[in-house]
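Enquirer: One structure coming up, written as structure tokens, with questions to follow.
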Amino acid sequence: MKSFYGILCVAVLMMFHLEMSESRSNFQMLLEDPDYLSLEKRCLNVGQKCTPGNNKCCHTYICSSLDSKCFYR
């Protein structure tokens, strides 16, 4: 029975290691992407200028057609 728990523990540790190495490579890919931090790719927060009809506001924010700024709906 102890060997079963040992094998199970090793399997869980290997899965955790693989998951961490995959997320690390995805993070590295994001850092190497030159467009990742550009304004075109980033979403806009409340009060930032936006273009109505081209909603690039974050989350549940929308672009106001009155003052062309993101606001919470």
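Using N, Cα and C of the backbone, Cβ positions are placed for all residues, glycine too.
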Enquirer: Based on what Swiss-Prot records, which one of CYS50, CYS58 is disulphide-bonded to CYS43?
Expert: CYS58
Enquirer: Do you know which of CYS9, CYS50 Swiss-Prot records in a disulfide with CYS63?
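Expert: So the cysteine that Swiss-Prot bonds to CYS63 would be CYS50.
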Enquirer: If one measures from the C-alpha of CYS58 (disulfide bond) to the C-alpha of CYS50 (disulfide bond), what distance in angstrom results, rounded to a whole number?
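Expert: Approximately 11 Å lies between the Cα of CYS58 (disulfide bond) and that of CYS50 (disulfide bond).
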Enquirer: If one looks at the chain holding CYS50 (disulfide bond), which residues at least 6 apart in sequence have a CB under 8 angstroms from its CB?
Expert: LEU44, LYS56, CYS57, CYS63, SER64, SER68, LYS69, CYS70
